[in-house]
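A short write-up of the structure that comes next.
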């Protein structure tokens, strides 16, 4: 059968990561080229700078407990995106190597039956990806228009509390800053979402490879003699390759998952504290 391209399932994920500067061309890592320059500019302007201005605002509202809690709640999640982007780019060589290994011969489905067998796993990831996008897009849209909905735009209120080295309440600086915040939060959330779903995709790929291996082991009962020995050796090699692939996946996203766990726990605590206020 024709060679199956595993990256087809996550092509939209890869395309969006490429747009936000987190996916170098082909199977390459970051090099001294135009795309790397674009990545540095976009990530620093729309993620790191946005987080810096929000973090600085903490020093101006620390005396107001309610405002401080609300600021930390949003800033903590945004800062995590910077941490994720850092580790994502730092481990890009590992990720690209994983993509190359994924399309190697040993990971290929060996029949149409196996292709049908792995389809539910691939479709489940697509469903999860779409399910993640729906609440994220809704939240971002409401964040962007909230000052307009509650009328606070007349008092030059921004979607997010932040400090800027200029008076952001005068026109046209207010309008420019408003648009900057909207673009930044969309950029940040899009990068964050697609990094998370790519990690889920790697886990899904490990699961589908286990399905293929199990099917190969079940089919050993129909083999005899030297054919049995040959296919058994192939299964052992496949198993070892899956384990190695899984270990490399852990190297790629272990710090990202740890940061997500810490931030989610802190956000839940801050949310409960806000409820008490």
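Note that Cβ sites are derived from N, Cα and C of the backbone, with glycine treated the same way.
Keep in mind that TrEMBL annotations are predicted by a computer and have not been checked by a curator.
Sequence annotations record features per position, and here TrEMBL assigns transmembrane segment to 35-53 (among others).
What TrEMBL records for 65-87 (among others) is transmembrane segment. Long-range contacts of the transmembrane segment (65-87) within the same chain: residues 22, 43, 47-48, 50-51, 54-55, 57-58, 160-161, 185, 188-189, 191-192, 195, 253, 255-256, 259-260, 263, 266-267, 270-271, 273-274, 277, each at least 6 residues beyond the stretch ends and with a Cβ under 8 Å from a Cβ of the stretch.
Among residues of the same chain six or more beyond the transmembrane segment (127-149), those with a C-beta under 8 A of the stretch's C-beta atoms are 12-13, 157-160, 178, 182, 185-186, 189, 193, 196-197, 200. For 127-149 (among others), the entry in TrEMBL reads transmembrane segment.
As annotated by TrEMBL, transmembrane segment applies to 178-195 (among others). Packing against the transmembrane segment (178-195) from elsewhere in the chain are residues 13, 16-17, 20, 22, 42-43, 45-47, 49-51, 78, 80-81, 84-85, 88, 132-133, 136, 139-140, 143-144, 147, 158-160, 162, 256: each is 6 or more residues past its ends and has a CB under 8 Å from a CB in it.
The transmembrane segment annotation in TrEMBL covers 252-273 (among others).
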Which sequence-distant residues neighbour the transmembrane segment (35-53)? Criterion: at least 6 residues beyond either end, Cβ under 8 Å. 20-22, 24-25, 75, 78-79, 81-82, 85, 89, 162-164, 180-181, 183-185, 187-188, 191
